[in-house]
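Peer 1: The region 'Disordered' annotation in TrEMBL covers 1-23. Feature annotation from TrEMBL assigns compositional bias 'Polar residues' to 8-22. The active site annotation in TrEMBL covers D34. Positions annotated as Mg(2+) binding site by TrEMBL: D34, E221. Feature annotation from TrEMBL assigns substrate binding site to 35-39, R47, H51, 79-81, W83, R85, R202, 208-210. Residues or ranges marked as active site, proton acceptor by TrEMBL: N82.
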Amino acid sequence: MIKRVRSWLNQEDSQQTHQLSPDNIPHHVAIIMDGNGRWAKRRGMPRIVGHQNGMKAVKRAAIAADDLGIKILTMYAFSTENWTRPKDEVDFLMKLPQEFLAIELEELIEKNVQVRMMGHPEELPSHTVSAMEEAVAKTAGNNGLVLNFALNYGSRKEITESFKALGQEISDGILRPEDITEELIGRRLLTGELPDPDLLIRTSGELRLSNFMLWQLAYSELWFTDAYWPEFTKDHLVEAIAEYQQRTRRYGGLS
Ligand code: FPP
């Protein structure tokens, strides 16, 4: 049955034009938030202003995802390759999680959101890690939207580390090579027990995965928009889901 999904936000949005089926909302949506720098450049402003506005878009996306019935939202906030950026920019990006959480954590708790972090904390500054750990601890008991931040995340590093650990277990005699299955590898990745994303969104017109969830995205639907990340609104999410709902997922089989 096609009917309009519930909304406690302004109804003057693309839900008016896109009829979403509430029975086919993607469970897990992953987003590559790209275009902060270009958004700022276009306005003659420094790149960090783009990141600051990108942070506001994170909140909009989380509210919209929750409102639309998405259960898990994974956001690519900092990659293992982003360290090659100028130090000032990296330092600014490292402050954003704590700034975001200082403003939003109370509301996230109220809205029953569960904050998670996926990445390699050992290379992150302690102020970034402690802000994330506090948010993770304070929301661990929540069972609403899972807001999963990929921070110092790189898929090849994730896969390499998990293979190293499996290799060690084999050499220790805890595991036999024949025990290794796709399920076992999946569980050893940083996503753990989270299901694979149903839908991947990338903003800014770039058409690549940039070392993001390479294993987990094997059968995800991909949706790209030219909008820069700071411009991202609920309308974009509704449009992405509307297109997702037109797709037939065959997982290599026949429809
Ligand atoms: C890519 O755009 C974006 C990033 C590397 C940073 C993404 C971070 C945020 C959106 C804010 C995160 C907020 C929280 C709360 C963790 P780019 O700067 O590479 O854009 P460009 O390709 O136009 O230069």
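Backbone N, Cα and C define each Cβ position, glycine as well.
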Peer 1: DSSP on E221 (Mg(2+) binding site), three-state: which is it?
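Peer 2: Going by the DSSP assignment, E221 (Mg(2+) binding site) falls within a strand, counted as strand.
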Peer 1: Round to a whole number and give the Cα-to-Cα distance in Å for the pair D34 (active site) and H51 (substrate binding site).
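Peer 2: With the alpha carbons as reference points, the distance is 10 Å.
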Peer 1: Enumerate same-chain residues with a sequence separation of six or more from R202 (substrate binding site) and a Cβ-Cβ distance below 8 A; give 'none' if the list is empty.
Peer 2: I31, I32, D34, R208, L222, W223, F224, T225
Peer 1: So which of the binding-site residues T80, W83, R202, L209, E221 sit close to ligand 1, that is, with a CB under 6 Å from an atom of it?
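Peer 2: Once distances to ligand 1 are taken from each Cβ, none falls under 6 Å.
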Peer 1: Out of D34, E221, give me whichever of these recorded positions has the highest number of other Cβ atoms within 10 Å.
Peer 2: D34
Peer 1: Look at each of the binding-site residues, G35, G37, and point out the one with the fewest other Cβ atoms around it within 10 Å.
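Peer 2: Among the binding-site residues G35, G37, the lowest count of other Cβ atoms within 10 Å belongs to G37.
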Peer 1: Which whole-number value in Å describes the distance between the Cα atoms of H51 (substrate binding site) and N82 (active site, proton acceptor)?
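Peer 2: So the Cα of N82 (active site, proton acceptor) lies 13 Å away from that of H51 (substrate binding site).
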Peer 1: Compile a sequence-ordered list of residues in the same chain as W83 (substrate binding site), six or more apart from it, whose Cβ lies below 8 A from its Cβ; state 'none' when nothing qualifies.
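Peer 2: Set apart from W83 (substrate binding site) by at least 6 residues yet with Cβ under 8 Å, we have V90, E123.
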